[in-house]
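Some notes on the structure that comes next.
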Amino acid sequence: MIESILSGSVRYRWLVLFLTAVVAVIGAWQLNLLPIDVTPDITNKQVQINSVVPTMSPVEVEKRVTYPIETAIAGLNGVESTRSMSRNGFSQVTVIFKESANLYFMRQQVSERLAQARPNLPENVEPQMGPVSTGLGEVFHYSVEYQYPDGTGASIKDGEPGWQSDGSFLTERGERLDDRVSRLAYLRTVQDWIIRPQLRTTPGVADVDSLGGYVKQFVVEPDTGKMAAYGVSYADLARALEDTNLSVGANFIRRSGESYLVRADARIKSADEISRAVIAQRQNVPITVGQVARVKIGGELRSGAASRNGNETVVGSALMLVGANSRTVAQAVGDKLEQISKTLPPGVVIVPTLNRSQLVIATIETVAKNLIEGALLVVAILFALLGNWRAATIAALVIPLSLLVSAIGMNQFHISGNLMSLGALDFGLIIDGAVIIVENSLRRLAERQHREGRLLTLDERLQEVVQSSREMVRPTVYGQLVIFMVFLPCLTFQGVEGKMFSPMVITLMLALASAFVLSLTFVPAMVAVMLRKKVAETEVRVIVATKESYRPWLEHAVARPMPFIGAGIATVAVATVAFTFVGREFMPTLDELNLNLSSVRIPSTSIDQSVAIDLPLERAVLSLPEVQTVYSKAGTASLAADPMPPNASDNYIILKPKSEWPEGVTTKEQVIERIREKTAPMVGNNYDVTQPIEMRFNELIGGVRSDVAVKVYGENLDELAATAQRIAAVLKKTPGATDVRVPLTSGFPTFDIVFDRAAIARYGLTVKEVADTISTAMAGRPAGQIFDGDRRFDIVIRLPGEQRENLDVLGALPVMLPLSEGQARASVPLRQLVQFRFTQGLNEVSRDNGKRRVYVEANVGGRDLGSFVDDAAARIAKEVKLPPGMYIEWGGQFQNLQAATKRLAIIVPLCFILIAATLYMAIGSAALTATVLTAVPLALAGGVFALLLRGIPFSISAAVGFIAVSGVAVLNGLVLISAIRKRLDDGMAPDAAVIEGAMERVRPVLMTALVASLGFVPMAIATGTGAEVQKPLATVVIGGLVTATVLTLFVLPALCGIVLKRRTAGRPEAQAALEA
């Protein structure tokens, strides 16, 4: 069939070229539609279930909210694991599904299970699923702030919207904001009701998260003394507000043949109307809200805050829908924010702080630069070694054509163009088959012209092209098949490594398949069309000189093979020993151009105190000349996609381009050290320096933010915490450990209110009445809403902040007694019904698959991940004795490394088996198959030496490089063996066949090795964004091809000579024995 394809491609060459052009146009269109991202999205399929329970402790949340939800989810088909976190007033259950699951269907299933679980949950608890987004979802951050944060520098015009001469801020609706809370509440209102609704309509945006400021509320602050004097309870106050603030419909009336809709609208529209609401009557005199309480515009008791460059702001985050194009979505969000900025109230601005498209563009620029430079190097080698620009052009055209055809397949397989899928393309590797056919066609045409002594006729030329293509079709087909086969097992990668490398492998296989088809169709057709004139009879000087130098060594290797074979064995032995000195890591860290400084304080730190710590930290870091801006997110945002306690902050450090860094500062590590120096004097913080995407990936995949985590499982939280502290002490002594920390699970100060049930009964009250009074005064009680157009704001009854924190005021809080006939309503102070106690409680309870756990996390610097964990595990086993029933597991990036290493132990042998099977099909001789397979270990040896020389650890990226170089080495060996066998078929003696076959294949072997290795050179030496991820793969391929080429040209002929001589000695009719 293949020979028919070759003949047809030459016969109908113009049709083939026309169809190729059509496919190229379609490919160009598909390439333009290709989604672009930084890296493949390695986040597992998961759903986050968030529940807000403001009045519960962590243990209560675990028992009454988290556990029932976990129980409801258990047994759901497709669930792989669960993990949960219970904090003060908040629960999050993360459900992780199998990769084969349909996320939208699973969300529906989770929703049904939650509906079944609601009867088992406390009243008013409404579990909510997080947005349909991933670890790469936060594509755009922006800050909503005042153009002049404190009014300094603003143009002041009293009475007009903006800053006023008295220091207040006048809104466009006439509200005067004269305190910090109201001004921050106004910024949050702009974010929630102007920016967010418009931004959510942007294509590809799943949702928009808001953090910082205060959600605006109309706060009713009771005067407890006046309430007691008037005999008004908190329940009376709430009921009055609810009864006053309503709207009803009363159908319609007919009048003069027309229908009139009847409306009874008594909704409250302002704070003044709240103050005038009547609560009750005393001696026929109405008592209003304003007589017993102060009404003001305030904010919620917030759980999160944000700031930028030392000033409090509101930060918004655009979350990308799963599967969307991050570059397109981020650019669309930026464009939309520019439009929204024109509609903002005077004095308020939007400041973009993090734009993912900038990182995407920088990364793709690196990839494109490497691909273009690699392609140019490949073309240059083709021109130099072929000595015919037409032939070189034919081979070079396969490069863009294979890329365009691959783009069609990438879209069909939903693979984005990113650092891994496009960055690993080596056009030299891809066009090896085309190069072999072009080189052989060029050689045969030159020989035929020389024999005929004239230019060939059309029929002669076409006949020669078909014959030359047929001659090389066997090594080409099987050679390409070998390269294809070595990548096939990589598709069995699972988990994170599967998500990271499967797109790369599929893209490579698409490119190889495209180039293979083109080499059988387009290349013969182009050779027939373009190589019409006289073809040079001599080879280029470089090849001639190389052959002259090579022949004596080749003859020596065939005559005396053992020294050459011994050198090959020694090389492999040395490489095996050297590999033990190569470090290990899961993946090289992508330089995201920015940094993230995670700050954790003692558990009792309030959200306001966290902000007070963040503001000077931002100013200190901002003083570094290489830093462009610093913004912080403390606590939990509205969607709780990344929930943190009030004592934790994420400080995003946006760096300037490296060209603007000060002299002497050239690396990220230096910047991190300078940041540590700035933050060192700030006591009370525990820092962890990572990068934004890296941090989110680590957290979403493994539940931790750092490189390494030691997870300690057990039941007793006190024992878990104590064991974790001992493990942390060991980790801190382990070389390479940085940012070691243990989340503080206990030590959260608790103010307990203990009910005196006997006293409550004596006063004729119930526990619920007392509890409701406490809850309303402390936490606040919603009492309706005020509508302002589309906006709606809660009316909340709550004590003023200073009174909520004053024990004397709380003790005197009046609890209204039941009404007695004929008597004024009396009250009793709260202190006579309860007792106050200060204790310490739990800060957080974390669980994995229903098992409680505490983790110790650390980053690794100055050494590779694998050796660090080996060292730390040995120290922990020696120095830390685990209590009965307790065990530990390693998590974070090391967990991914472990899983990938186990998978590689299966993949690598499978690759060798597939290579051997393919070779045997091509050669038909077990001995010669084994001979060609010796190319693999020497190719691997070169990769090991290259890693060691460059100080690059072994990673999954390097492993893929080892697999790739094995295929190229085998391809070159197959090309050489095919030439040797051809001469044996012609009746040559074994030694002569080996020598002449090897001499004939010097040029194709050198060409395939050079184009494959030089295509990777730009990746190996690149310094742009994302280059660090490509370097291990490129380094291994280049180093491996150096040793593999030496093997092919020296050791392989030496081995082949021995094998052929023995076969000849065993069978006089050697020729027949060596046939396929």
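Our numbering is plain: 1 for the first residue shown, then up by one each step along the chain.
Just so it is clear, glycine is given a Cβ too, placed from its N, Cα and C backbone atoms.
Listed in Swiss-Prot for this protein:
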type     : residues  : note
TRANSMEM : 14-34     : transmembrane segment
TRANSMEM : 366-386   : transmembrane segment
TRANSMEM : 390-410   : transmembrane segment
TRANSMEM : 418-438   : transmembrane segment
TRANSMEM : 475-495   : transmembrane segment
TRANSMEM : 502-522   : transmembrane segment
TRANSMEM : 561-581   : transmembrane segment
TRANSMEM : 903-923   : transmembrane segment
TRANSMEM : 928-948   : transmembrane segment
TRANSMEM : 959-979   : transmembrane segment
TRANSMEM : 1003-1023 : transmembrane segment
TRANSMEM : 1035-1055 : transmembrane segment
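For the transmembrane segment (14-34), the list of distant contacts is 400-401, 403-408, 410-411, 416-417, 518, 521-522, 525-526, 529: same-chain residues at least six beyond its ends, Cβ to Cβ under 8 Å. Sequence-distant contacts of the transmembrane segment (1003-1023) (same chain, six or more residues past either end, CB-CB distance under 8 Å): 366, 369-371, 373-375, 377-378, 381-382, 385-386, 423, 426-429, 431-432, 435-436, 439-440, 539, 543, 546, 968, 971-972, 975-976, 1030-1031, 1033-1035, 1037-1038, 1041-1042, 1044-1045, 1048-1049. Listed stretches 390-410, 418-438, 502-522, 903-923, 1035-1055 were compared with the transmembrane segment (475-495); the greatest number of C-beta pairs under 8 angstroms is found for 903-923. Contact between the transmembrane segment (502-522) and the transmembrane segment (390-410) is present: at least three CB pairs lie under 8 Å, with pairs separated by 6 or more positions in sequence. Here the transmembrane segment (903-923) has long-range neighbours at 474-475, 478, 481-482, 485-486, 488-490, 492-494, 497, 929, 932-933, 936, 956, 959, 963, 966-967, 970, 974, 977, 981, 1076, meaning same-chain residues at least 6 beyond its ends whose C-beta is under 8 angstroms from one of its own. Within its own chain, the transmembrane segment (366-386) has Cβ neighbours under 8 Å at 392, 395-396, 399-400, 419, 422-423, 425-428, 431, 435, 438-439, 442, 540, 542-543, 1003, 1006-1007, 1010-1011, 1014-1019, 1022, 1024-1027, 1030, counting only residues six or more beyond its boundaries.
Within its own chain, the transmembrane segment (390-410) is flanked in space by residues 20, 23-24, 26-28, 30-31, 34, 375, 378-379, 382-383, 416-417, 421, 425, 427, 430-431, 434-435, 438-439, 441-442, 506-507, 510-511, 514-515, 517-519, 522-523, 526-527, 530-531, which lie at least six positions past its ends and keep a Cβ under 8 Å from the stretch.
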